[in-house]
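Notes to accompany the following structure.
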Amino acid sequence: MIPLFFIPPFIILFITKGKFRFLTKFELVLACALHYGTFILALPIFFLLYKTKQQPWNILLQTALEPVVLSAYGFTFLTALLATIINAIFGLILAWVLVRYEFPGKKLLDATVDLPFALPTSVGGLTLMTVFNDKGWIKPICSWLNIKIVFNPIGVLLAMIFVSLPFVVRTIQPVLQNMEEDLEEAAWCLGASPWTTFWHILFPPLTPSLLTGTTLGFSRALGEYGSIVLIASNIPMKDLVISVLLFQKLEQYDYKSATIIASFVLIISFTALFFINKIQLWKKTFHK
């Protein structure tokens with residue numbers, strides 16, 4: 001089965017056609033897509049799962065169900081989920097403000113939203129540390145609220161929010177820009193309150209893009225490493241996330257455990273994204 005991954009798609013097309021000829025445009029594009037998808041996505045995932053499958057079941061379960069690993073699973077997914085919920089709310093508000101209002105500094109704010117895309121994640125982590133450490137600019141506020149951000153779970157949450165916010169804003173903005181304001185005005189003329197107008201007129205068309213943005217943001221938060229490793233203490237049972245745990249295993253040359261943990265994370269993440277995509281499809285069908 002493994003050698004099939006290395007057979008060029010255009011050769012398979014030749015064999016099925018039974019004779020040599022030039023590829024059509026569709027077949028050429030299909031061959032390129034199969035090559036790209038196979039070698040960039042399918043092949044690495046296949047071999048990761050294949051290496052994991054070679055391990056005995058008792059070793060798989062023992063490694064995947066270690067207390068430290070379970071704690072990292074739970075903390076990573078719960079923190080990413082909380083960051084996604086926060087970004088869904090405030091990302092929607094930010095996108096609304098950028099589309100519907102004019103104010104000084106709007107272009108600067110709009111450009112700043114894309115910074116997490118361009119910045120190395122380690123730079124993002126260093127930026128967060130500079131602002132939120134014990135000697136940072138907001139130390140008086142943190143002292144008044146009696147909270148510690150750096151080297152604490154709150155720091156991990158902030159890092160995940162920082163890297164995943166642009167996904168929500170950028171997926172909602174085009175929908176808001178194409179939305180006709182006449183619908184809102186008509187609803188107001190008929191006596192609808194602002195909340196009723198938003199919930200029944202504006203929110204339904206925004207739902208697919210909001211779900212897409214939050215799904216992408218959730219995926220990005222799950223895989224974040226560079227900023228978290230700087231702003232968190234990375235202590236097991238406290239604020240250790242899966243990505244940092246995997247790196248620690250690799251530093252210890254424990255490749256077997258790292259492979260097993262990565263495979264379980266891959267399966268869990270794929271399952272979560274599968275159900276989220278199902279919800280998206282259901283929403284689109286429902287609104288049609």
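Backbone N, Cα and C atoms are what each Cβ position is placed from, and that goes for glycine too.
For reference, Swiss-Prot has these:
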type	residues	note
TRANSMEM	2-22	transmembrane segment
TRANSMEM	28-48	transmembrane segment
DOMAIN	73-277	domain 'ABC transmembrane type-1'
TRANSMEM	77-97	transmembrane segment
TRANSMEM	112-132	transmembrane segment
TRANSMEM	149-169	transmembrane segment
TRANSMEM	196-218	transmembrane segment
TRANSMEM	227-247	transmembrane segment
TRANSMEM	257-277	transmembrane segment
For the transmembrane segment (77-97): best-contacting stretch of 28-48, 112-132, 196-218, 227-247, 257-277, by Cβ pairs under 8 Å: 196-218
Candidates 112-132, 196-218, 257-277; stretch with most C-beta pairs under 8 Å toward the transmembrane segment (28-48): 257-277
For the transmembrane segment (112-132), distant same-chain residues with Cβ under 8 A (at least six beyond the ends): 94, 98, 138, 142, 149-150, 155, 158-159, 162-166, 169-170, 224-231
Within-chain partners of the transmembrane segment (196-218) [C-beta distance under 8 Å, separation at least 6 from its ends]: 80-81, 83-84, 87-88, 91-92, 164-165, 167-172, 174-176, 179, 183-184, 187-188, 272-273, 276-277, 279-280, 283-284, 287
